[in-house]
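Please read the structure below before turning to the comments.
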Amino acid sequence: MSIRDWPEAERPREKLLEQGAAALSDAELLAIFLRTGVTGCSAVELSRRLLSEFGGLRALLEADLASFCGHLGLGVAKYAQLQAVLEMGRRHLAERLRRDSILESPQAVRDYLKARLRHEQHEVFACLFLDTRHRVLSFEVLFQGSIDGASVYPRQVVKRTLAHNAAALILTHNHPSGDARPSLADRQLTARLKEALALIDVRVLDHFIIGDGEPLSLAEYGWL
């Protein structure tokens, strides 16, 4: 049955307009993005099939071009459209951060870091550089690969901090495994960077580790 033949209250688009996007299932949201299904399969049915094939919404959103286009109903145009939507979301979060002090919008920090790092397939270490009022000056990826004490150089972090004339930093890196619990190396690295930055009177406010759930704050656990 075509979605046009469904009761109006059950159609994804009408449901979104009436109840808000949060009321929709992953399949319903994806159906609105796809707009149409394929022969013998409505957009919602196709969405359910795709979510099953990918193993969930996150895997679909993070798929590379070859993987994405290897599924029925998806192609290069849809991939480009999806990347544009995701990038607009990241830029919206970045603008939220730049408007206010990060102390006034801590959830915005978490949301932004999740959007920037969760999709990375390899470990990435980055910094949010802040001014004296704790407003964001810049977000910068500094190191990629295996993030440990041997691969992250305090000298380079200090150099970029001085270049931005930053007064404080938030450190962050991701765990592609999805487990955000910090390793001993993570905690030792944080201590080394905090010590190096203290020499130039710059504070490390937090170190967030990005995994599958909410970002883990080392400061909240007393590890900073």
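Sequential numbering from 1, following the chain as shown.
The backbone N, Cα and C atoms fix where each Cβ goes, and this holds for glycine too.
Here's what Swiss-Prot has on this protein:
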{"type": "DOMAIN", "residues": "102-224", "note": "domain 'MPN'"}
{"type": "MOTIF", "residues": "173-186", "note": "motif 'JAMM motif'"}
{"type": "BINDING", "residues": "His173, His175, Asp186", "note": "Zn(2+) binding site"}
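Computed over the domain 'MPN' (102-224), the whole-number mean pLDDT of the model equals 90.
Neighbour counts were taken at the CB atom with a 10 A radius for the binding-site residues His173, His175; the maximum falls on His173. Using a 10 Å Cβ-Cβ cutoff, Asp186 (Zn(2+) binding site) registers 22 neighbours. Helix, strand and coil counts under DSSP for the domain 'MPN' (102-224) come to 37 helix, 35 strand, 51 coil.
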